[in-house]
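Chemist: So TrEMBL lists these for the protein:
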- 21-50: transmembrane segment (TRANSMEM)
- 56-76: transmembrane segment (TRANSMEM)
- 88-108: transmembrane segment (TRANSMEM)
- 128-153: transmembrane segment (TRANSMEM)
- 174-196: transmembrane segment (TRANSMEM)
- 202-220: transmembrane segment (TRANSMEM)
- 249-266: transmembrane segment (TRANSMEM)
- 272-292: transmembrane segment (TRANSMEM)
- 318-336: transmembrane segment (TRANSMEM)
- 356-383: transmembrane segment (TRANSMEM)
- 395-415: transmembrane segment (TRANSMEM)
- 435-454: transmembrane segment (TRANSMEM)
Amino acid sequence: MNSLAEPARDRQGIMIGLLAVGYMLVELIPVHLVKMVVSLVIMLVILWVLPRVQGSFMVISLSLLSAGILLMILYHASLEEWLKAARVNLTLVAIFLFTPLLGIPVRTGGYVEALKTLLARKMNNPNFFFAGSSLLSHLLGVVLNIGAISIVHELSRASQIQDKRLVAASINRGFVSTIFWSPYFSAMALILSSLSVKWTDVLLYALGLSLIALIVSYLFERPYALKKEADEREEHHDERERKKAKWKVMELFLLLFIMVATVLLAERLTSSTMTFIICVLSATYPLFWCLLKGEGAAYKKELKNHVFIGIPRMKKEIVLFLIAGFFSGAFVKSGWSNAIVEGLNGAFSQYQILIAYLIAFSIVATAVMGLHPIVVVTIVATSIDPLKLGFSHEFFAILLLSSWGISNTVSPATAVNNLLSALLKEDLFKVSMHWNLKFALVMLFIIPIYLKAVGI
């Protein structure tokens, strides 16, 4: 049975992986023929993978695809418009396929054991445990994306504090606040490419909002954490071992700094898009780092695992992203977005901040109901001109990014909550909505006020 399944899985990995190659070709050779071929490959991937998707992802994907096709037919879309609609979320999928490679140096470098050694003495302090888990999830999430969840959960098991709510809240909120600003998330690629905004133009404002989210999260859980009294436990590590671990952790943070700084410099010094920069960096930097560290064989093994195991596991998300992009293209063709803008301006003409609240709450509310935030954010980002609503592109970008991030804390449809639920063996709705709803509501209240206050 497995011998039959493995070749099919390998073919899926290669076929879906071609989308990443297709994105690079469109960027490097932006001629009509290349765009047409890539669009056709996207359509083939959707038709081939969709029958293999099950559950709510299948229902949502089929509904969006059917609605998109209907709109394109009703509004007499040309062949070129069909092909263009298929490519709407190609940048997002490229980021989704490339960025897991950035985790290879972290997984092969022995950094997790070094963190365990260095943090062991403090992990039984409830306040340090919560703040440390949040910060580690945040920092590792920049590069490892969802992979940071498993690593920080593993680190948390070294502590005597095993309160599931404390573990889940610290990891969840620390991770999702990374979405506000990290260039390595698909959310950033989608929103900045749709709104033609530079990452450097929103970075400082988004970092400020991330800091607020971490502080609010800590204030929410601090009274809860202080009630937990764990016995101090002496961890016996040789001083040489601790010193070695300290250097390893410094090396890890140097790695993270170089990855972020490279994007910052490349965006300022070149005319390339941020998505293209991220994809090139993701494809080359881990290879050079592993070769420099003498880990070439480990890199080869990790790359094969990504193509033949990791990518097939992501197929349902990738198909949903592609179909959401196609539906968004059809929605733009229909012209309904103009009616929505006119309706919002008519209802809230003197109160633009209420429009911001409505958009943010819509993203989170639909996520709570089980709709992946990619669907609503794609439609809003690609079909609505923020200037017509009285917002700058930067304001709108951070509003969508932060709303997407906050929706991840409470949505039962997102990977972070499903993974935490499995790791902690806890009910999904308790991990998502029950433990995070109040935090999400407070952050939704803060976000538009913060954006207005900083004058973006």
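Every residue, even glycine, has its Cβ placed from backbone N, Cα and C.
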Chemist: Can at least 3 Cβ pairs under 8 A be found between the transmembrane segment (128-153) and the transmembrane segment (56-76), with each pair 6 or more apart in sequence?
Modeler: no
Chemist: Below 8 Å between Cβ atoms, which of the listed ranges 56-76, 318-336, 356-383 makes the most pairs with the transmembrane segment (174-196)?
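Modeler: Per the Cβ under 8 Å count, 356-383.
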Chemist: Do any residues, 6 or more residues outside the transmembrane segment (272-292), come within under 8 Å Cβ-to-Cβ of it, and if so which ones?
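Modeler: For the transmembrane segment (272-292), the nonlocal Cβ contacts are 20, 23-24, 27, 91, 94-95, 98-99, 101-102, 104-105, 108, 183-184, 188-189, 192-193, 198-199, 255, 258-259, 262-263, 266, 298-299.
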Chemist: May I ask you to check whether the transmembrane segment (435-454) and the transmembrane segment (88-108) make contact, with contact taken as at least three Cβ pairs under 8 Å and only pairs 6 or more apart in sequence counted?
Modeler: no
Chemist: What stretch in 56-76, 356-383, 395-415 has the biggest tally of Cβ pairs under 8 Å against the transmembrane segment (318-336)?
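Modeler: Answer is 56-76, with the largest number of Cβ pairs below 8 Å.
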Chemist: For the transmembrane segment (356-383) against the transmembrane segment (21-50), do we get 3 or more Cβ-Cβ pairs below 8 Å once near-sequence pairs (under 6 apart) are dropped?
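Modeler: In this chain the transmembrane segment (356-383) does not contact the transmembrane segment (21-50) - fewer than 3 Cβ pairs sit under 8 Å.
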Chemist: Thinking of Cβ pairs under 8 Å, which stretch from 21-50, 56-76, 202-220 has the most of them with the transmembrane segment (88-108)?
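Modeler: By the under-8 Å Cβ criterion, the transmembrane segment (88-108) pairs most with 21-50.
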Chemist: Please report, as numbers and ranges, the same-chain residues at least 6 past the borders of the transmembrane segment (21-50) whose CB is under 8 Å from any CB of it.
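Modeler: Sequence-remote neighbours of the transmembrane segment (21-50) are 12, 15, 58, 61-62, 65, 82-84, 86-87, 90-91, 93-94, 272-273, 275-276, 279, 315, 318-319, 322-323, 326.
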Chemist: List, by number or range, the same-chain residues at least 6 past the transmembrane segment (56-76) whose CB is under 8 A from its CB atoms?
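Modeler: Residues 46, 50, 82, 85, 316-317, 319-320, 323-324, 326-327, 329-331, 333-335, 370-372, 375, 413 contact the transmembrane segment (56-76) from elsewhere in the chain.
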